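The following features are taken from Swiss-Prot:
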BINDING   94, 195  substrate binding site
BINDING   105, 191, 193, 267, 269, 352, 354, 418, 422  dimethylallyl diphosphate binding site
């Protein structure tokens, strides 16, 4: 029988092996790969991905994602690159980690050479080529809902010209969409996210109307009750006699899975500019409408424990698009975010709350998360989390930084907490 040779430290890992004869020829592409590849390899290894899967996903990133990231961010040159909606520093790449299932996700804002120029002022072009290539690459990627939502939520060429003829728009906040991919079970799960603010400016149609109209056109069976509940909570035009949100809460994103429509979920995102526990609880219970859900109270209790551990200061967050400069630590805190999953699997919109930790001391966040992991039984994660995160940022002192942990998301399904952590790429 064949004798399996043991791996030695001299053998290259997946990142080094794929770098040896890399087809990336552009300087920006090479910088992106050198910056993101080693960290992705470490996170996958720490998540227990098999070696073959590490190769598969690193190759996917190298060949199909890196070419769509545009100019590599350089300090002092923020004006020379696309200002993405995706991250606080307006960088078009974000890595997140579902620590409950140890699944790695990458979000990115597809960019091309024309993005942000007069030839593509709102970065509408690159995503078409990117999604088409991914659909050709993997038969599980289905673009039907992407096309339908794109038609309703992205500005037309005529609307683009109309906006450009107005007073000068800021360069930030112009983005229309971004993508995300989960690396799971040897395959990929692709999602798309739409930002409607430019469509609102161009048409004057309120964002909640844009969203609910787009959802209605998808003709998804058995979600009418959940959609109606969300309308009454979020839209001033609907009323069921129960509390609705105030002007501090507003819609921000609409997302869906790009897969078989029968399995695709819709996610409706909102922002709350007033960060306070009572308001987070209101988002979680949908103004009390979800109290009949058997998972609601148990999830809320755990969310309160996480909130207390993170010790996020309460207050009104003024600017949701702050003018941050890459390389300069943030001096302010950011908003609360929540999304609601709409699917035939539940009569309730299922909430996921994002506690934004950007601007808080990273070591304090590590300690808080470690305590929460211990609380919910993520024993291995509790033991290794601090060491792992320090290895992802070897040149930073996490006792001094306050931007590495961008946010922590929490949901509760099937009697289990689900937690993801979102990391700054720089």
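From the backbone N, Cα and C atoms, a Cβ is placed for every residue, glycine too.
Annotated features taken from Swiss-Prot, shown on the structure.
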{"residue": "94", "record": "substrate binding site", "contacts (Cβ under 8 Å, 6+ apart)": "86, 87, 106, 107, 108, 406, 422, 423, 424, 425"}
{"residue": "105", "record": "dimethylallyl diphosphate binding site", "contacts (Cβ under 8 Å, 6+ apart)": "95, 96, 97, 98, 180, 181, 182, 183, 420"}
{"residue": "193", "record": "dimethylallyl diphosphate binding site", "contacts (Cβ under 8 Å, 6+ apart)": "107, 177, 178, 179, 180, 253, 254, 255, 269"}
{"residue": "195", "record": "substrate binding site", "contacts (Cβ under 8 Å, 6+ apart)": "85, 175, 176, 177, 178, 252, 253"}
{"residue": "354", "record": "dimethylallyl diphosphate binding site", "contacts (Cβ under 8 Å, 6+ apart)": "336, 337, 338, 339, 407, 408, 409, 422"}
Cβ neighbour count (10 Å, all chains) around residue 422 (dimethylallyl diphosphate binding site) is 20
If you draw a 10 Å sphere on the Cβ of residue 269 (dimethylallyl diphosphate binding site), how many other Cβ atoms land inside?
19
According to DSSP, which kind of secondary structure is residue 422 (dimethylallyl diphosphate binding site) found in, if we only use helix, strand and coil?
strand
